[in-house]
Amino acid sequence: MGISVSNISKSYKDLKALQNISFEVKPNELFGLIGPDGAGKTTLFRILTTLLIANEGEATVAGLDVLKDFKEIRKYVGYMPGRFSLYQDLTVEENLNFFATIFGTSIEENYELIKDIYVQIEPFKDRRAGKLSGGMKQKLALSCALIHKPKVLFLDEPTTGVDPVSRKEFWEMLKRLQQKGITILVSTPYMDEAALCDRIALIQDGEILQIDTPENIVKQYPKTIYDVSANNMYQLINSLKAYQHKHSVYPFGEFVHYTDTRSDFNPKELKTYLEAQNLSNISIERTQATIEDSFMELAK
Amino acid sequence: MNNTNVIQAEGLTKMFGDFTAVNAITFEVKKGEIFGFLGANGAGKTTAIKMLIGISNPTSGQAHVAGFDVSTQAEDIKKNIGYMSQKFALYDDLTVKENITFFGGIYGLTKIKIKEKTKELIEDLGLEEVANQLVGSLPLGWKQKISFSVALLHEPKIVFLDEPTGGVDPITRRQFWEMIYRASHQGTTIFVTTHYMDEAEYCDRVSIMVNGKIEALDTPKELKKQFQVDSMNDVFLKLARG
Amino acid sequence: MKRFIGFITKEFYHIFRDRRSLFILFGMPIVQILLFGFAITNEINNVDIAILDHSKDATTKEIINKISASKYFSIKQLIEREDDIEAVFKKGKVKAVLNFEKDFSKNLVKDHKATVQIITDATDPNTANTISNYVSSILQKYQQEQNKAITINYIIVPQPRMVYNPELKSVYMFVPGVMTIILMLVSAMMTSISITREKELGTMEILLVSPIKPFQVIIGKVFPYIFLSIINAIVIVLLSIFIFKMPVQGSLFLLGLESVLFIISALALGILISTISATQQTAMMISLMGLMLPVILLSGFIFPISSMPLPLQIISNAIPAKWFIIILKGIMLKGVGLQFIWKETLILLGMTVFFIGLSVKKYKIRLE
């Protein structure tokens, strides 16, 4: 009931959207595809949902071949495209009803599965979908994608353009769906959402950088990262970048994440250097790597 | 950063019929500051910004932007601000150079000045190779950087950025923030609206709007301390969930 | 079946919630038929003319009386000199001037021949032509009356008689044309727009990743428009019968069947258009440029096909509307049955099958 992708490649004219992608999603896993816009996430989703044909490679979804068994696959998967893709001029209930009927089922029959999500929008069931807020649209879209009890759920950037509260709720819903036995493949450009997945694949420019659990990816970060801050961010960045032993310098919120090329790096030395650059209030402290650090190190 | 206020809002309010979209907000932004203006969808961010850039009249209260009154001197404000949004930034079917020339033109830059700025911008961003390519053919990250530079062409006092780095890869994103730090260092005020909390972490100070009111306003560090959490995302969740 | 009904219900929601397309659906036929019926017409009524009578004798007076008594002309001005002719035309006061030669009666008796010059303002050639024909026919009629008394041997008197539309009512010509245009517009344009809208909104993606079959989507999309087009056809026929008193000579049943056939061919074209356009805007442009213009210009609706250059005549054969108009005129005006229009019907049927086949083949089960 999982997903298996082996050596998938896809190009549009001279643009290589996907290059030799392989990974496995285990049954009942919550698997994240993490990468920026244009990394090839949507193309991969469309290949797996039988909407596009890969130039090379093979893939199966729930044990079915995406090319040969596309009709079967279409019965068993739920798909939520990146863009809000419901009928704006139909009400919440009409949309749900419609998707239930085209999958040959009814709201009542599968109410159990969507109940959690649908109760939150049920008070607005007579409102047209176009007039819902971002968070509510997203819940409706998820309800519609679930209405036929899919075995595998594909969610393409479900949290893009949604506020933090709705995002958090959305991930909580995904966790509950996973407990009900659904395999979920979700994509997101937000690195902070990676930690919420069982396993993730970091993807950029059509290539997978790494596949592992979020914990392992962070653990494998090869360097020690230091949070550096000073009175002037702009000058701090410039000074750090000019430092001869720097390995990487990335602004990270109120800090700069700094790594050194040397294994016997001594922060005091750096502090002296920065002071000589007319910076004050300097603080240099060890910190934990994040998925974003790993991503940048891998993409470098 | 010095102490001149570039934006000053006092009791700024906007009502649509019975509905109060923006409820008496008061805040100021200093010269060269990177100010984050946060809020959920529908919290009133967009309405507030429309008033600040002079395209919507406040129902009550007042605001000064770049020294001009938003209700009476809207035209002067427009000359002194730059704007960049994620949705619309540059024309995909014009080349990099043509875009620069066009936007320089609408801000009334002289031909000589446009030439000078074009050269400067292309060198700065290392775009020599692609200067005559259509913008549509460039990666998203590049477009973002170019459109930020274009928003700075006429040397505005304040630049409004709308979700500037959503969806951009992490490295390009850092480069983008470095550009913002530089502009801020040179005295340009940066006004960032976003509902991505990790963008908020980069700002000098942030305000968080909930239901038309500013519910919190401080440096990210102080806010995290105040709410006893680790990230701006958690600050926001605490505020929004009450 | 439940799927299908669910789909159609949804389509009707779309149609009834979109006021603009509702207006196109039901307002357009009425507006167009009234517009063509009343405003745009080839008939002439009370056209202002001027008379320059050089002889002022009994015969000319009698002729002038005849002309002025007819409902087609009203004599606006009597002028005295040749020079004035150009002046009255330039002022735009009259559309025609009748110039009777000197000694009209005398010449007629003496030489059996007298001339009256009919000068018309040909800036509007159609009207000029019609005026000139009408005047000639009044003159001819007058002459026949006069000649009854005298017997002249061996004269051929042509007696034109217009059949099927004896009063030359232009509305008779427009109704079939307008009906064709409207059925084309509603069927082809609306379906192509409604299918491309699903593509634009991204809902097509979800429909594709679902067990609903492509032909179910197509039929679900097309069915409501078949229904609406039939209603439109009925409205048009009723309007022409009751407002323009246009008789429908032939079988209404046959008329209905032929209309359904044409509607289906237009729907198939609509589906075909939707498979090649990615946005609603493109679909609309293609429908307007690719379907409406040929229907108006090349179907024989306004410009007679027989007077077109040969290449255009050949092209016109490929336009379903041409055949439908022939069929409509046959049934409505001539009252013929299928035995006279089976050839046209067969051509239309062939085209319909072809378009359906092509659009099913072109319809994509994936995104590219």
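Cβ atoms are placed via backbone N, Cα and C, with glycine included.
Curation does not apply to TrEMBL; its annotations are automatic.
Taken from TrEMBL as is:
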{"type": "TRANSMEM", "residues": "C:21-40", "note": "transmembrane segment"}
{"type": "DOMAIN", "residues": "C:132-366", "note": "domain 'ABC transmembrane type-2'"}
{"type": "TRANSMEM", "residues": "C:171-195", "note": "transmembrane segment"}
{"type": "TRANSMEM", "residues": "C:222-244", "note": "transmembrane segment"}
{"type": "TRANSMEM", "residues": "C:250-273", "note": "transmembrane segment"}
{"type": "TRANSMEM", "residues": "C:285-304", "note": "transmembrane segment"}
{"type": "TRANSMEM", "residues": "C:340-360", "note": "transmembrane segment"}
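Under 8 Å from some Cβ of the transmembrane segment (C:340-360) lie the Cβ atoms of residues 214-215, 218, 258, 261-262, 264-265, 268-269, 271-272, 275, 320, 323-324, 326-327, 330-331, 334, all in the same chain and six or more residues away from its ends. Tertiary neighbourhood of the transmembrane segment (C:250-273): same-chain residues 179-180, 183-184, 187-192, 195, 218, 221-222, 225-226, 229-230, 233, 237, 283, 286-287, 290-291, 320-321, 324, 327-328, 330-332, 334-338, 341, 345, 348-349, 351-352, 355-356, 358-359, 362-363, selected by CB-CB distance under 8 Å and a gap of 6+ residues from either end. Within the chain carrying the transmembrane segment (C:222-244), a Cβ under 8 angstroms from the stretch's Cβ atoms is held by residues 8, 11-12, 15, 25-26, 29-30, 33-34, 37, 169, 171-172, 175, 178-179, 182-183, 186-187, 190-191, 194, 252, 255-256, 259-260, 263-264, 266-267, 270-271, all 6 or more beyond its ends. Same-chain residues lying 6+ beyond the ends of the transmembrane segment (C:285-304) with a Cβ under 8 Å from its Cβ atoms: 174, 176-177, 180-181, 184-185, 188-189, 192-193, 266, 269-270, 273, 276-277, 312, 315-316, 319, 321-322, 325-326.
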